[in-house]
Amino acid sequence: MSSVSPPGTPVPGQLTFVAPRRAKPARHLADLTMAERRAAVAELGEKPFRADQLSRHYFERLTGDPGLMTDLPAAAREKLAKAFFPTLLTPVREMTTDAGTTRKTLWRLFDGALVESVLMRYTDRTTMCVSSQAGCGMNCPFCATGQAGLTRNMTTAEIVEQVVAGARALAAGDVPGGPGRVSNVVFMGMGEPLANYKAVIGAVRRMVEPAPDGLGISARGVTVSTVGLVPAIGKLAAEGLPVTLALSLHAPDDELRDTLVPINTRWKVAEVLDAAWDYAARTKRRVSIEYALIKDINDQEWRADLLGKLIKNKLVHVNLIPLNPTPGSKWTASRPEDERAFVRRLEFHGVPVTVRDTRGREIDGACGQLAAAE
Ligand code: SAH
């Protein structure tokens, strides 16, 4: 097996938009639309309706095991499974916390690249946090993934497989709480989803299409989180997919945001907020503003006030995330009193705000900590 090595630490402010060209993983059923699956099945000399059967096995019964596909002619099973269900993700390590209801999996891709996903089961929902790239090119200095650089884009099926793996574990009763389903997906693992636009949109479509085409997860339960690639936000708004947009703002002023979220040197706070309001207007979906509170860096009351003024009276919700310090970072989470003052200031402006619970901290599975080190 060949192996890809990570590109190494980018210099501060360096942005990488174009992923290195690498060998692609084998085609998988989840990469294809139903029409493409039918055509691919026909190419193998099988009846097109076999595509529906294969799709039901994968998206409904959550299996790619030919031995279980008893509705397919025995002679065709191996051939079809080989053609449509190559192994894309191999688990390297699994870590659990919260009495088994939070589980992080480190996956090895076909070329040795490493990514992580996290399953979080709550009383009323189960969320899969998925990666969309091996590494990330956006270089946010407080984020562990950003410090490692971009190895490569993931394919649609590599993204979908993370959700299917979680769905399998839930269906099998492997997660405490009894058999269950994946209700939510957040693109908050490794990578900048809008920098891998085509594969990510394909994955979102597979997630929300009803069976047998896809997993049948409600689009409202899917959140695409971005540093703010303005043209791609516009494109996403035009897809007709009412997914939730999360914007990683982290600072209301360009001076600070230029350093915390280097993409800001390309698209400024005012531009990215305009793109967010446009997204909200076109999709009728409340935009989520992500703001990691970093002690004495972005947590001053005047910044809360400025943020409040910029976003009040909009279809918006603020998610404050206590910073998860990454190894070697000089930054830490805000003092509790500063966090409270920040919340109060936003509430003063009538802005809905919550402080995110930081599940998975103990297993380095919390926001921005996914570094996929082995
Ligand atoms: N690239 C996308 C999605 C991945 S990160 C984005 O930036 O939105 C998911 C969220 O975790 C983002 O809001 C990101 O800014 C945040 N995050 C990254 N590192 C963090 C850290 N160390 N502590 C808290 N939140 C962090």
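Quick reminder: no glycine exception, Cβ is built from N, Cα and C everywhere.
Not measured: the values here are computed from a predicted model.
Under the heading active site, proton acceptor, TrEMBL lists Glu116.
Feature annotation from TrEMBL assigns domain 'Radical SAM core' to 122-361.
Note: Cys136 ([4Fe-4S] cluster binding site) has non-local neighbours Cys143, Thr145, Gly146, Ala148, Gly149, Leu150, Met190, Gly191, Glu192, i.e. same-chain residues 6+ apart with C-beta under 8 A of its own C-beta. The [4Fe-4S] cluster binding site feature in TrEMBL is assigned to Cys136, Cys140, Cys143.
Here TrEMBL flags Gly191, Glu192, Ser225, Ser248, Leu249, His250, Asn324 as S-adenosyl-L-methionine binding site. Secondary structure from DSSP puts Ser248 (S-adenosyl-L-methionine binding site) in a beta strand.
Marked as active site, S-methylcysteine intermediate by TrEMBL: Cys367.
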Inset, instruction - Would you count the other CB atoms within 10 A of the CB of Cys143 ([4Fe-4S] cluster binding site), including those on all shown protein chains? - result: 27
Legend entry - Neighbouring C-beta atoms (10 Å sphere around the C-beta of Ser225 (S-adenosyl-L-methionine binding site)): 23
Legend entry - For His250 (S-adenosyl-L-methionine binding site), the number of other Cβ atoms found within 10 Å of its own Cβ: 24
Inset, instruction - Measure from the CA atom of Cys140 ([4Fe-4S] cluster binding site) to the CA atom of Leu249 (S-adenosyl-L-methionine binding site) and give the result in Å, rounded to a whole number. - result: 11
Legend entry - Annotated S-adenosyl-L-methionine contacts Gly191, Glu192, Ser225, Ser248, Leu249, His250, Asn324, maximal Cα-Cα distance (Å, integer): 18
